[in-house]
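Asker: I'd like to ask some things about the structure below.
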Amino acid sequence: MSSEKVSVHGSWASRWVFILAATGSAVGLGSIWKFPYMVGEYGGGAFVLVFLACIALIGVPVMLAETLIGRRARQSPANALAALARDVGQPAAWSWAAFAGMLTALLILSFYSVVGGWSFDYILDMAKGDFQGVTPDQVGAYFGNVIGDPLRLIFWHSVFMFTSAVVIAKGVVGGLERSLRIMMPLLFVLLLVLLGYSMTTGHFMQGLHFMFDFDASKVLDGLLPAMGHAFFSLSVGVGSIMIYGAYMPKSASIGGTIVSVALLDTFVSLLAGVALFPIVFAAGLNPSEGPGLMFVTLPYAFGSVPFGQVMGVVFFILVGVAAWSSAISLLEPMVAYLVERHKISRAWVSTWLALACWLFGLGTVFSFNLWKEAKFFVNDAAGFHLYQWGAQAGLDFFGVVDFFTSRIMLPLGGLCFAVFAGWVMGRAAVRDELAMRHPLAFEATFFLMRYVAPCGILIVFAAQLWK
Ligand code: TRP
């Protein structure tokens with residue numbers, strides 16, 4: 001028998017499959033739906049540049065840390081952290097970072113599934129020709145109708161959650177590979193087609209300026225959101241990438257692999273933004289429109305070009321699949337943990353977890369209709385209220401879940417993972433696992449993981465508190 005440890009859940013066939021799976025996890029609604037509307041909300045170029053800096057200096061080092069922890073221990077995140085900590089005589093309580101991560105992942109999935117459902121809904125709407133020749137105002141009203149109808153949202157939310165649970169029940173290794181190999185490149189091609197269209201709108205340069213003009217006065221406001229989104233976009237901070245790392249073959253080089261995944265993900269985000277904003281301006285829409293931005297802008301674009309109807313259908317199918325491969329990675333850490341720990345079947349665990357997320361997701365569904373007026377953390381002229389019905393300011397239920405997960409839990413999770421790899425595991429173990437050819441490359445990576453990423457996270461938190 002070989003002495004190499006292998007995960008009980010299986011293992012990727014090769015480095016390519018890991019890249020596909022990790023890219024499938026990273027590229028999703030975060031790049032195509034969330035990134036553009038956050039850029040719009042936080043004022044364009046300043047947000048984009050801070051986001052890129054956070055990806056490079058914090059996101060990638062944390063992603064490396066997660067992957068190497070997972071691959072070294074070959075178990076689900078909670079057991080991985082406990083086992084590696086025990087190896088060096090540290091408390092097994094490190095596994096709490098992974099438990100917090102699993103919970104965060106489930107919370108994210110609860111709203112992720114609702115938005116994934118919007119994409120599924122749009123596949124049919126596109127196919128029916130609902131968007132042919134419509135004006136931007138009409139698409140806006142259409143979207144308003146969709147999210148205003150709780151039963152419609154619940155239906156698609158259920159479809160999304162159910163299909164994700166089926167895939168995860170069958171096991172991640174294997175099934176995912178086939179679909180991703182075709183769908184991911186196709187999504188990329190369609191984004192390029194959209195980019196081609198936005199070049200013809202006459203507002204392309206305006207879009208580029210909006211995306212890349214740096215306005216220093218906006219940096220501070222966008223700092224924490226940009227860092228949080230860097231984590232969200234790369235799928236780091238909860239153990240998703242750690243569990244995928246546990247399935248990674250020993251021969252694959254972690255450094256090159258992770259950098260490729262991060263580059264692909266970032267590229268898709270930028271591409272989505274550069275393609276979207278010219279259309280936003282051409283249609284006279286408001287960039288800070290919020291979560292509906294993509295669902296109003298793109299149907300309008302598809303509705304006004306030849307073959308737009310077919311392309312629109314294909315596009316929303318691909319977004320659905322991209323969302324779906326991300327959703328799977330959100331469930332996987334908890335599923336793998338429960339299977340390891342209690343020896344229960346994947347199918348059973350997946351069903352119950354999906355059901356719990358589905359239930360919690362109803363809160364997000366209602367945020368757009370029945371509970372629209374319910375606002376939390378209201379801080380306005382009348383002072384601070386934890387909760388107020390009908391307030392102008394404040395966060396709705398979806399806003400609270402999003403804030404808590406992306407801006408607090410993901411960076412905290414990332415901080416724990418980076419500190420664990422940089423300070424607890426020890427230099428020799430990290431060097432062995434990274435197996436970088438060049439000693440200088442290792443020194444630089446280890447420095448980023450040990451000092452830059454943790455300090456960066458703390459500085460952003462501090463800046464937010466003192467601003
Ligand atoms: N990265 C995915 C996206 O951009 C979402 C996602 C998947 C995620 N797994 C995650 C976010 C883990 C945070 C943590 O759409």
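Glycine is treated like the rest: Cβ placed from N, Cα and C.
So TrEMBL has the following annotated:
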| type | residues | note |
| --- | --- | --- |
| TRANSMEM | 12-33 | transmembrane segment |
| TRANSMEM | 45-65 | transmembrane segment |
| TRANSMEM | 93-115 | transmembrane segment |
| TRANSMEM | 153-173 | transmembrane segment |
| TRANSMEM | 185-206 | transmembrane segment |
| TRANSMEM | 226-247 | transmembrane segment |
| TRANSMEM | 259-285 | transmembrane segment |
| TRANSMEM | 305-331 | transmembrane segment |
| TRANSMEM | 352-371 | transmembrane segment |
| TRANSMEM | 408-426 | transmembrane segment |
| TRANSMEM | 447-466 | transmembrane segment |
Asker: Looking only at residues six or more beyond either end of the transmembrane segment (45-65), which have a C-beta under 8 A from one in the stretch?
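Answerer: That would be 35, 38-39, 209-219, 222-223, 225-227, 229-231, 233-234, 236-237, 241, 254-255, 258-259, 261-262, 266, 269-270, 273, 414, 417-418, 420-422, 434, 445, 448-449, 452-453, 456-457, 460.
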Asker: Between the transmembrane segment (185-206) and the transmembrane segment (305-331), are there at least three Cβ pairs closer than 8 Å, leaving out pairs fewer than 6 positions apart?
Answerer: yes
Asker: Please report, as numbers and ranges, the same-chain residues at least 6 past the borders of the transmembrane segment (259-285) whose CB is under 8 Å from any CB of it.
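Answerer: Residues 19, 22-23, 26-27, 30-32, 35-36, 39-40, 48, 51-52, 55, 59-60, 63, 136, 140, 187-188, 191-192, 194-195, 197-199, 201-204, 206-208, 210-211, 233-234, 293-294, 296-298, 300-301 contact the transmembrane segment (259-285) from elsewhere in the chain.
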Asker: So, taking each listed stretch (226-247, 352-371, 408-426, 447-466) in turn and counting its Cβ pairs to the transmembrane segment (153-173) that are under 8 angstroms, which one gives the highest count?
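Answerer: When the Cβ pairs under 8 Å are tallied, 352-371 comes out ahead.
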Asker: Are there three or more C-beta pairs under 8 angstroms joining the transmembrane segment (305-331) and the transmembrane segment (408-426), sequence spacing 6 or more?
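Answerer: Per Cβ check, the transmembrane segment (408-426) does not touch the transmembrane segment (305-331).
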Asker: For the transmembrane segment (305-331), what are the same-chain contacts with Cβ under 8 Å, counting residues 6+ beyond its ends?
Answerer: 21, 24-30, 32-33, 105-106, 108-109, 112-113, 115-116, 119-120, 122-123, 126-127, 129, 131-132, 160, 163-165, 167-168, 172, 176, 179-180, 183-184, 186-187, 190, 193-194, 197, 235, 238, 240-241, 243-244, 298-299, 350, 353-354, 357
Asker: Ranking 12-33, 93-115, 447-466 by Cβ pairs under 8 Å to the transmembrane segment (352-371), which is first?
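Answerer: Comparing 12-33, 93-115, 447-466: 93-115 has the most Cβ pairs near the transmembrane segment (352-371).
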Asker: Let me spell it out: take the transmembrane segment (93-115), skip the flanking residues so only those 6+ beyond its ends count, and list any with a Cβ under 8 Å from a Cβ in it.
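Answerer: For the transmembrane segment (93-115), the far contacts come to 28-29, 33, 76-82, 84-85, 153, 157, 160-161, 164, 232, 237-240, 242, 291, 323, 326-327, 330-331, 333-334, 337, 353, 356-358, 360-361, 363-365, 398, 401-402, 404-406, 409-410, 412-413, 416-417, 420, 424.
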